[in-house]
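Copied over from TrEMBL, here are the features:
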- 18-52: disulfide bond (DISULFID)
- 19-92: domain 'Ribosomal protein/NADH dehydrogenase' (DOMAIN)
């Protein structure tokens, strides 16, 4: 389960995905399995989910001072996506 606690340097996560594409299947699984535990551990933290046809699945992390990092989630499994979220939560903006 997602026992991630976001630090103060991370301000927002945005997940973009396609509702039907095979390359977004892991993202859809991640949302079904991990979204509720993430929000339970970070109730006031914004996690935005945007669905759009034929879009590449992507994770954006916004840090202090508007710094953003982008990670492609194409063809990743739910567990791999959770690992990417953990990496972003632990990293400092550049």
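Along the chain as shown, the residues are counted starting at 1.
Using the three backbone atoms N, Cα and C, a Cβ is placed for every residue, glycine included.
In this model, the domain 'Ribosomal protein/NADH dehydrogenase' (19-92) carries an average pLDDT of 95.
Of the listed disulfide-bonded residues 18, 52, the Cβ environment within 10 Å is emptiest of other Cβ atoms at 52. The helix, strand and coil residue counts that DSSP assigns across the domain 'Ribosomal protein/NADH dehydrogenase' (19-92) are 36 helix, 16 strand, 22 coil.
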